[in-house]
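> Please see the structure below; I have some questions.
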Amino acid sequence: MATGGPSTSPTGGRHHFVDIHPVLHDDASGGCGNLGKQQTSNPVKYRGGSGEGERNAVLHRPFSRQVSLETGVSVLSMHKEQKGGGGKKEGPSGLLRSGKSLGVIRDSRSSGDPTSRKGDFSIFRTKSTLNKQNSLLPSRRENDVDFQNMEGVSANRQEEDAINKSVPAGRYFAALHGPELDQVRDSEDILLPKDEVWPFLLRFPIGCFGMCLGLSSQAILWGALSSNPVMSFMRVSPYINLVLWLLALSVLIAVSATYTLKCAFYFEAIRREYFHPVRVNFFFAPWIACMFLTIGLPHAFSPERLHPAVWCVFIAPVFVLELKIYGQWLSGGKRRLCKVANPSSHLSVIGNFVGAILAAKVGWGEAGKFLWAIGTAHYLVVFVTLYQRLPTNEALPKELHPVYSMFIATPSAASIAWATIYGQFDAVARTFYFIALFLYVSLVVRINFFRGFKFSMAWWSYTFPMTTASLATIKYAEEVPCFFSKGLALSLSVMSSTMVSVLFVSTLLHALVWRSLFPNDLAIAITKSRSAGAGAKQQAKEKKPQRRTYDIKRWAKQSPLALVSSITKSGPGDKEDSAGN
């Protein structure tokens with residue numbers, strides 16, 4: 001069925017436009033039968049409107065509801081010429097139709113290949129922000145059709161849906177290496193260009209909150225050195241605690257504000273970091289840093305007793321994240337603990353012990369005991385999983401070795417939490433402290449384990465566990481005052497403070513002088529799967545013969561009795577059925 005009317009073109013020619021509607025072919029009726037029999041999945045020969053030598057050009061052009069009558073007549077004429085001349089018929093010349101409202105010229109450049117969208121940072125933008133920006137663009141006229149840019153709209157939407165889906169945890173270990181798994185292997189390809197500087201917010205990782213952990217824990221350490229009577233021989237001024245607390249607070253505010261902007265503009269990148277097996281644990285870091293600042297509050301600002309609402313505000317996000325992550329560990333699946341366990345998983349456990357310390361300080365002892373029990377149960381599971389290194393675990397690269405110091409932080413925080421809840425550094429607290437001390441020594445003697453790679457934000461993973469071990473040693477020296485305990489507390493405190501100072505200066509140099517602190521965050525731009533196209537088919541072909549060979553060998557190893565029994569199971573009836581088929 002077609003309706004339309006004439007129209008005059010700017011060049012003076014007259015063109016007829018018709019609306020083509022689908023007509024169902026009926027064998028009993030002869031009307032419009034030829035048009036109804038045309039296939040709709042093959043290329044057609046299209047003659048350009050100018051008529052200057054483009055008659056024989058073959059284009060893949062799907063037609064929709066409105067097409068030129070001249071085009072339809074030319075297609076039918078060429079079809080008749082092919083039949084009359086006896087030439088080779090390249091295929092049916094029916095008009096193609098698509099589900100879109102406007103005709104679109106297919107172009108090989110507008111394929112769904114992710115590599116064709118390199119440099120398009122909008123794939124990681126927040127959807128609401130992207131839609132708002134698109135609404136501000138000037139709208140096209142209804143009759144002005146952009147045949148070049150409308151191709152691949154549905155393909156691009158499907159591609160974005162594939163990009164936004166969660167990447168398997170094992171994929172990160174297979175495609176990445178380096179500090180915090182942030183460097184792409186040479187054999188891998190990414191969704192964004194490597195040789196182009198990305199927007200700053202895309203280059204700002206959540207691992208920056210590790211610096212907040214190091215500085216805020218240092219504020220607690222120097223507060224303990226200035227107020228604890230056991231360390232009074234050092235004569236530490238309380239103003240050091242005040243300066244460090246203000247510095248840690250300013251850094252936390254700056255990092256939190258920057259990452260909030262990243263959440264607002266590049267939420268899809270946040271999702272990629274959440275599915276990252278290492279970075280997902282750093283989502284606990286901002287709330288742990290807030291609790292550290294509350295615990296290490298200077299005496300000039302701290303009240304006699306903190307309000308319990310402070311504890312509720314900081315522990316609520318930690319508890320929600322624990323329900324999600326611990327649930328994945330318990331239920332299994334692609335993100336079970338034996339698959340995603342790494343030393344940074346201790347961060348998801350440390351929040352319980354820090355929350356227990358803050359609960360004891362606000363006067364909620366029972367809530368502190370509850371969190372301590374949860375943290376202890378999951379610490380034992382994580383510790384055993386990391387210690388035995390199951391075959392399903394992915395081996396961590398050398399550049400990720402700094403996070404091995406997380407082994408020290410959890411038992412140290414557990415001992416401090418127990419002493420704070422029950423008011424004494426008893427046998428339980430000492431047990432966890434001795435575990436932390438042994439792990440500390442076992443890592444120190446392997447100094448080569450932490451050398452051989454360049455500076456990165458992962459180095460801040462050294463500071464927080466060392467500071468926690470120093471605080472636990474001060475608690476132990478308070479309970480068992482002697483020359484050895486005081487000397488150990490002094491040594492560990494100096495080591496942790498020196499490490500924080502060196503890293504803070506190095507961070508400033510890389511950020512302000514060398515401007516190399518935030519390279520392109522390649523970890524968020526990896527593809528969901530590595531094998532594609534011919535490579536996947538070739539791998540499948542290579543795997544099939546090996547599997548058949550394995551099956552043949554397994555069949556050959558069967559005993560003669562088992563072979564006879566398997567033959568007798570298929571009776572004559574089965575043979576007849578197979579012959580009939």
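Residue numbering: from 1, along the chain as shown.
Placed from the backbone N, Cα and C atoms, the Cβ positions cover glycine too.
So TrEMBL lists these for the protein:
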COMPBIAS  1-12  compositional bias 'Low complexity'
REGION    1-65  region 'Disordered'
COMPBIAS  16-28  compositional bias 'Basic and acidic residues'
COMPBIAS  78-91  compositional bias 'Basic and acidic residues'
REGION    78-124  region 'Disordered'
COMPBIAS  106-120  compositional bias 'Basic and acidic residues'
TRANSMEM  200-222  transmembrane segment
TRANSMEM  242-261  transmembrane segment
TRANSMEM  282-302  transmembrane segment
TRANSMEM  308-326  transmembrane segment
TRANSMEM  347-364  transmembrane segment
TRANSMEM  370-390  transmembrane segment
TRANSMEM  402-421  transmembrane segment
TRANSMEM  427-445  transmembrane segment
TRANSMEM  457-477  transmembrane segment
TRANSMEM  489-513  transmembrane segment
REGION    534-553  region 'Disordered'
COMPBIAS  539-553  compositional bias 'Basic and acidic residues'
> Would you kindly list the residues that approach the transmembrane segment (402-421) from elsewhere in its chain, counting only those six or more residues past its ends and only Cβ-Cβ distances under 8 Å?
179-180, 278, 342-347, 349-350, 353-354, 356-357, 359-361, 365, 368-369, 371-372, 375-376, 379, 382-383, 386, 396, 428-433, 435-436, 439-440, 443, 449-450, 458-459, 461-462, 464-466, 468-469, 471-472, 475, 479
> Contact between the transmembrane segment (347-364) and the transmembrane segment (282-302) is defined here as three or more C-beta pairs under 8 Å separated by at least 6 residues; is that satisfied?
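Answer yes, regions in contact.
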> What same-chain residues lie close to the transmembrane segment (457-477): Cβ under 8 Å, and 6 or more beyond its ends?
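Contacts with the transmembrane segment (457-477): 179-180, 205, 207-208, 210-211, 213-214, 217-218, 220-221, 224-225, 228, 230-231, 344, 399-400, 402-403, 405-409, 412-413, 415-416, 419, 425, 429-430, 433, 436-437, 440, 450, 485-486, 488-489, 492-493, 495-496, 499-500, 503, 506-507, 517.
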